[in-house]
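Colleague: Okay, here's the structure, questions in a sec.
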Amino acid sequence: ALLSVLRILRRQNLLVTGGVDRIIRVWNPYLPGKPTGTLRGHMAPVVYVHVSSEENKVFSMSADNSVKIWDLETHGCCFTASSKASGLKGELAACLYLAGPRALCVATDALAFLHLKVGSDPEPHLVRSHQEPVVCCRYNPAFRHVVSCCEASVVKVWDFETGRQVSEFIGTHGNAGVTCLTFDSSGRRLVTGGRDGCLKIWSYNSGHCLHTLRHDENRSEVCDCTYMEVNQNRCVIAVGWDRRINVYFDIPCDFHHFWTPQPRWQDDLNHGHKEDILCVAQCPPFLLATSSYDGEIIVWNVISGHMHCKLNPPGSMDEGPDGSVSRLAFLKTRATKLDSAGASLISNGPGGSVAFWKLFSGTGLLANFTPSRRKAPVSSIAVTAEDTLAYLADQQGFVHVCDIREYGLQGPELQAPNTVTSWRAHVSMVTSLELIEGDSILLSSSLDSSVRLWSKDGAYIGTFGQTHPWDVFTPASWSHPRVPFEVLTDPQSMPTHLVPETDVAAGCSGGRQEQDSVMEKVLFETEKTPPLPSLEGPVVEAEVSEDKSRWSAFCRGRLLPARRRPHWKMPELKWPSIYQGLQCHEVACVSAPGEKPDLSIIGADAFTIGFHSQEREAELLGRKERSPWSSFLPKC
């Protein structure tokens, strides 16, 4: 008969069994035909299994007194405690896991109490939400979910409050990648656009494709889409490589699987875009803005289908991709007034610039500035509900927060708005920004395959897909350190504060040689000081090696004392040092407490007795030399 140990994890509907075949199996109780996972590694029959739902771990013990800890998500072995290392001797009689003290109580010849410090798996250097670059992410307030899509046509649904994955759609657009996504007004249906030229409407709960929207036979790529309500009419608006604005009416009584767009607007056919349309943005009740590859921006009246105005950012024409406009954002509190003389539309532009546009009482450019000192192109824009702050993300992963409460209201602006704060969110281009939960949380995605949450001030909450969950409303549960590892160690993430008595900014990649020369002058052109101890050997050199720019930036955080001149040469090896490259794992196993025996009762010392017996044995064997242990004894 099969000796099995059975545990049920009710929260996740899992069944875990183990037996004499040394294999632990994970089952779905509703699909009993085949296990959903097998955990292999024990060398003897499994006699005990425990499932810790709080940590998502499985504890198992075999007849040879070895204990293993397994991860239910990856089905991998996290830790193995051998009987010799744990001090377990004799035949196993009973075993029990105590959740309170996180200890495993094992009864063999004696009772052992193993305190296992079980925590989350050590985070890898790069936590990925997807296996491919993430192209878009959105927040669904109806279900409190975050939805993200990647180049591999995979759509994932995440729990906003904890960061755990809820579900996943694979092959959303077949072999074609997903380019954009949005929700309907109820939040119950998901709309995705892809490189196959189609839009698809999905049932949010079941993952079933309800409708497929096709606009032409050439399968022109869809670049962006939005869901809009106009005079109680609901529609999906999509733009892309066909250079046309495609409007699909959302009719509940239309049960056909394939939908086709409405007839094209006449202004769109006669005076529309001449290049691929890259972006679409809406401003209820009837304004729509589109931008194209050649930098042209057109504002439309959705009700009439007529063009309201056409805008051309300065320096955008004939510059190819550097002059394209790929992001638009309405300042809705101003645009809904229709007669506002202030700026009502924000767009990105060439050379990392951001433009503010006036749409009423005459149209034109009111402001044009560059938020990034590195002049990195702006790749995503998000504005708070009251149009007080603008979040501008660039292709190097930085997020700049600008105060625009009064910016562009009184006419043209010659200066850039005040920067409230800035930080680096990703190591690659930011593809999406969205403000959620009353403008207190920021959602971001990037080509570095990660989707992250931030506070409105830039505090790092976590990356979707990390092993340990968070509570978005409890700052103590947010990730530590407050900066992702790959962002912390990237050379472009250096601070930008000024160097004392110089005008060079620390960490600016364009002036690295000048920074190094300034730092060398601070370090080496002062008077003498006692030399530091010499460092010898390749290992020591590797331990103290750092890149010059990082060393200089570290020293700038404190004022170096005057009249000091180190006499050692700064090593020039790659960052990080071997200390940063080590992965530390802390596992503590504490055996049963015991007391040191009191030998004063017999009037002898065990160490001395052992030594004299060894000396006597040496003499009997005819050895003339002294015992090797005698040199360690105290001399009387």
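A Cβ is built for glycine as well, from the same backbone N, Cα and C atoms used for every other residue.
Sharing the feature lines straight out of TrEMBL:
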type   : residues : note
REPEAT : 1-28     : repeat 'WD'
REPEAT : 39-74    : repeat 'WD'
REPEAT : 127-168  : repeat 'WD'
REPEAT : 178-212  : repeat 'WD'
REPEAT : 270-302  : repeat 'WD'
REPEAT : 423-455  : repeat 'WD'
Colleague: For the repeat 'WD' (1-28), report the average pLDDT of the model, please.
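Modeller: Mean per-residue confidence for the repeat 'WD' (1-28): 74 out of 100.
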Colleague: In the same chain, which residue numbers or ranges, 6 or more beyond the ends of the repeat 'WD' (423-455), come under 8 angstroms Cβ to Cβ?
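Modeller: Sequence-distant neighbours of the repeat 'WD' (423-455): 126-139, 141, 146, 148, 150, 158, 160, 163, 379-386, 389, 391, 393-399, 461-465, 470, 472, 475, 483-484, 486-487, 490, 492-493.
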Colleague: Determine which residues of the chain contact the repeat 'WD' (127-168) at the Cβ level, with the cut-off under 8 Å and only residues 6 or more beyond its ends counted.
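Modeller: Beyond its ends, the repeat 'WD' (127-168) has Cβ neighbours at 174-183, 186-188, 190, 192, 194, 204, 207, 428, 431-432, 434, 436, 443-451, 453, 462-466, 469-473, 484.
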Colleague: Going by DSSP, how much of the repeat 'WD' (178-212) is helix, how much is strand and how much is coil, in residues?
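Modeller: Taking the repeat 'WD' (178-212) as a whole: 0 helix, 22 strand, 13 coil.
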